[in-house]
Amino acid sequence: MCAAPGGGKSLVLAQLLLAREHQAALALEDSRPDGGADSSSSSSSSPNSRRSRATANASEDKEEQAESAAFSGSLVCNELDASRRARLVRVLRDYVPVPARYRIRVTPHDGARFWGRQEAEQYDRVLLDAPCSSDRHVLQQAAARVGGSGGSGVGNGSGSSSLSATSISVPRSDWSLQRCRRIAAQQVKLLAAAAQALKPGGRLVYSTCSILDLENDQVVDRVLERGGDSLRVLHPPAAAAALEAAGAQRARHGWLLLPDGPLDCGPIYLAVVDKVGSSSFRRVKQNKYAPK
């Protein structure tokens, strides 16, 4: 739903989707008998010939159905901002092979408005990597202004995650609790639209790069309240094991990976939500967030 700026998420999803389909196509090719359908040279009037043609036609029908199933997947990459969307298109053009590219669509919609209203219950999977307060990026930018290269103690992915708080001043325009509340309100709208776009039985991943419960678990709380019994939070065992091995902390609904962990990356929050049934989403009173 928020595919830009770099297109990396879209490339990973395309690779996973198309890899499964490619394997299905290879398996289909291996299953075809040698010699193809034209294996009979007997007279067309003989019963054996008619049975052979019927068998061949049935085999072709099954192959066509299998091919249709194997290549039925598609990927929609949405980005509202025009310049980011143009960059996304360039990345997909550069890295996705032509046959697969025709099954990837780039759209310009306002995610909070479009998906729940215009394409409700149309998607098997949704990834919402939502815009957030980007705490670490804000600190890195402030450090860069002070030190010229971000070298004032803010981790930059090279192994150091310490922060010298006395040397960095973050402008209120870049970070404030009120700004975070506005962002969280937008995240609720986006996540509700993502849940509405899911088919019953579908699954979504909600993620941010914020440390704030306000933008993480509390957003999931609001959407669960809106969706009622149609939504439930999941903790897939394989994902849980991988995240916890990477040092992620368990949150109420998801996981939080912090920069002081063994991988020196993050913050990354993610939660997995299943849609177990069709439901109209209720409106919930605004301003229910408690400062934390």
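Placed from the backbone N, Cα and C atoms, the Cβ positions cover glycine too.
Feature annotations, courtesy of TrEMBL:
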ACT_SITE  Cys209  active site, nucleophile
BINDING   Glu79, Asp110, Asp129  S-adenosyl-L-methionine binding site
COMPBIAS  36-58  compositional bias 'Low complexity'
DOMAIN    1-276  domain 'SAM-dependent MTase RsmB/NOP-type'
REGION    27-68  region 'Disordered'
REGION    146-165  region 'Disordered'
SIGNAL    1-27  signal peptide
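It is 9 Å from the Cα atom of Asp129 (S-adenosyl-L-methionine binding site) to that of the residue listed as 'active site, nucleophile'. Max Cα-Cα distance over the annotated S-adenosyl-L-methionine binders (Glu79, Asp110, Asp129) is 14 Å. Listed binding-site residues: Glu79, Asp110, Asp129; maximum Cβ neighbour count within 10 Å falls on Glu79.
In sequence order, Cys132, Ser134, Asp135, Arg136, His137, Gly266, Pro267, Ile268, Tyr269 make up the list of same-chain residues 6 or more apart from Cys209 (active site, nucleophile) whose Cβ falls under 8 Å from its Cβ.
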